[in-house]
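Taken from Swiss-Prot, the feature [4Fe-4S] cluster binding site applies to Cys575, Cys584. Under the heading chlorophyll a' binding site, Swiss-Prot lists His677. For Met685, Tyr693, the entry in Swiss-Prot reads chlorophyll a binding site. Annotation source Swiss-Prot lists phylloquinone binding site at Trp694, citing sequence analysis. Here Swiss-Prot flags 73-96, 159-182, 198-222, 294-312, 349-372, 388-414, 436-458, 533-551, 591-612, 666-688, 726-746 as transmembrane segment.
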Amino acid sequence: MAISSKEQETKKVKISVDKNPVDTSFEKWAQPGHFSRTLAKGPKTTTWIWNLHADAHDFDSQTSSLEEVSRKIFSAHFGQLAVIFLWLSGMYFHGARFSNYVAWLSNPTGIKPSAQVVWPIVGQEILNGDVGGGFQGVQVTSGWFQLWRASGITTEFQLYCTAIGGLGMAALMLFAGWFHYHKAAPKLEWFQNVESMMNHHLAGLLGLGCLGWAGHQIHLSLPINKLLDSGVSPQEIPLPHEFLINRELMAQLYPSFSKGLVPFFTLNWAEYSDFLTFKGGLNPVTGGLWLSDTAHHHLALAVLFLAAGHMYRTNWGIGHSMKEILEAHKGPFTGNGHEGLYEILTTSWHAQLAINLAMMGSLSIIVAHHMYAMPPYPYIATDYPTQLSLFTHHMWIGGFCVVGAGAHASIFMVRDYNPAENYNNLLDRIIRHRDAIVSHLNWVCIFLGFHSFGLYIHNDTMRALGRSQDMFSDTAIQLQPIFAQWVQSIHTLAPGNTAPNALATASYAFGGEVVSVGNKVAMMPISLGTADFMVHHIHAFTIHVTVLILVKGFLFSRNSRLIPDKANLGFRFPCDGPGRGGTCQVSGWDHVFLGLFWMYNSLSVAIFHFSWKMQSDVWGSVSPSGNVSHITGGNFAQSAITINGWLRDFLWAQASQVIQSYGSALSAYGLIFLAAHFVWAFSLMFLFSGRGYWQELIESIVWAHNKIKVAPAIQPRALSITQGRAVGVAHYLLGGIGTTWAFFLARIISVG
């Protein structure tokens, strides 16, 4: 390895701040638009209020100082954390004040979770359904009850205490946000010291975070859950601190506790295998992962992250330098490789954010898929509404993050990219062969679209003609997903073979036996067939189109053959000015706008597939003799192979619960279903009409106001083209999300 040159020697880390850089002035903040000279003058037209909202958090437009932008972002993060703690506090408070948590804890299979009781004002107390145990309330599907049980919370008092703790943390975060902007604001070099930042986040946030959670799981969750699992009532379980200070109490449950730390220091770690296990599979009592497995997992992660937090070179001259690692990365086809990327990532927060959003979005989608295959908390697997809600939620979060990655990648290209500093490096070479990338991606989209859709069209046609023997199906022309089935089989065979210490498979989705809790299926092998093969290629198609739109937007955000000077027009512009027809929807912003619709397409197909597949092939009841009867009786394999099947046997058949919900505790979902359709339809008014139409209409209305001498002082203006599109896509997605939410929950709460 090359010795670092003098330029690359790591600067010593020191905490450097500016004292009292910005006054705390309520007078200034009280003036709307104080952050912009133009907006601070006040409104002349109605466009002002739109620009106020668009630019309030666009720190780039408020100052050209990277240090000042960094400080604003840093301070805003504390504000975000304050909101999160406030929200957490509210959740715990609802659990303490309005929920049936303790009743649920004593009978989790017979009582449904509820944390909201609707007050009777105009008859809406109809929403308080009977959730069992004599409690009337709204059934909740957030998974909080299961998480609280896994944490070892057994009383409302503990929930109250945590809620108060959350409020305290929120106040602390608000103070920190103010303090680090107005009193002691970090200098730019502090924000740019990536080695120190990586060390602290890896060791502190992830390492100590995992260690703390592992400690909590070992000392509190495990003993309390062991007692709950064996039927001890929550009221009889000792208080949490008893388990911390009374070693004899712990030793009764986990004998190795009587040996203390001797096995640890004598490296005889196997002694601790009574509470740090490697069982695999699910706890047959709760249908969740073994808590001793998850404690072991978090302890192992803590060790890894604490080690990783000592990996980067700061004040001691040992360890990695991020710049050196990046610049050493040179492949045979990548020219100067990663040269210049360090400078990009330390001076462009948009570039940094784009990568982080892509990673976090992908991670959220991975979480969605793990949470049903390996249900992490006790009794969550048999709470079907919660399982469906959490899958849908994490898919949506992931989708928005991934599109956000495309957005900020384009903003980086327009605002922060410097061609002179990126000659022949990886980014430059990607941009130079963008035509090949985009045209290949386009070909893939066309291929996937026509072939996957073509399979469905073929099946619909054959079924219409009564030629079922000529259809693609498990009973005619089979298209089995052989690679997926092979992956399932190697995971099923792993325990005792390639995973010699595991007692059971990582997930029963791969194979194995049916795990049932309270006569309901928690998890069982998911058989994959022709219907899955077909819909998976629809997933591939919609995801690739989303990627095509976002990647094209990013690669062509500075210039294109059509508009060579795009970078001068900015991130969002409606078209290339008068006299240039056919240049609409080419800005980076417009690609994000279009990408959002395809993201919605992708996720709708994915969550519909999940919802139907689980109801058809996994979720259901188990008879005393062990027979499983699924909610929709296994109709997925034969119905999901035609478009008509999706429309008739999924959308229409399963919408009956939401459509017929009036007069029942689920009637709110019927109203939401209706209202969200309305919001969605409202969006089309913005998406399908031009600005001129509205400007003409407004001028007539203003004329009428002038006629009767009630003309407004602020001149009304139609929305700009971009504003109209923004309002349109926002209502389109909101309407779509609301409709899907009501459709899913009314259905699954009724039948699940």
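From the backbone N, Cα and C atoms, a Cβ is placed for every residue, glycine too.
Small disclaimer: the values here were computed from a predicted structure and weren't measured.
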#### Entry: Interface check, the transmembrane segment (726-746) with the transmembrane segment (388-414), three or more C-beta pairs under 8 A
yes
### For the transmembrane segment (349-372), sequence-distant contacts whose Cβ falls under 8 Å of one of its Cβ atoms, 6 or more beyond its ends
69-70, 73, 381, 387, 390-391, 393-395, 397-402, 404-409, 411-412, 415-416, 509, 523, 610, 614
#### Entry: Interface check, the transmembrane segment (388-414) with the transmembrane segment (666-688), three or more C-beta pairs under 8 A
no
### Task
Between the Cα atoms of Tyr693 (chlorophyll a binding site) and Cys575 ([4Fe-4S] cluster binding site), find the distance and write it as a whole number of Å.
18
### Task
Counting other Cβ atoms within 10 Å, pick out the least crowded of the binding-site residues Tyr693, Trp694.
Tyr693
### Query
Given the binding-site residues Cys575, Cys584, His677, Trp694, which one's Cα is the least distant from that of Met685 (chlorophyll a binding site)?
Trp694
## Note on the structure
Close in space but at least six residues away in sequence, with Cβ under 8 Å from that of Cys575 ([4Fe-4S] cluster binding site), the same-chain residues are Thr583, Cys584, Gln585, Val586, Ile721
### Query
Does DSSP give Met685 (chlorophyll a binding site) helix, strand or coil?
helix
### Summary
Rounding to whole Å, the Cα atoms of Trp694 (phylloquinone binding site) and His677 (chlorophyll a' binding site) are apart by 23
### Query
If you skip the near sequence neighbours and keep only those at least six away, which residues in the chain come within under 8 angstroms of His677 (chlorophyll a' binding site), Cβ to Cβ?
Gly735, Thr739
### Query
According to DSSP, does Cys575 ([4Fe-4S] cluster binding site) fall in a helix, a strand, or coil?
coil
### Query
According to DSSP, which of helix, strand or coil covers His677 (chlorophyll a' binding site)?
helix
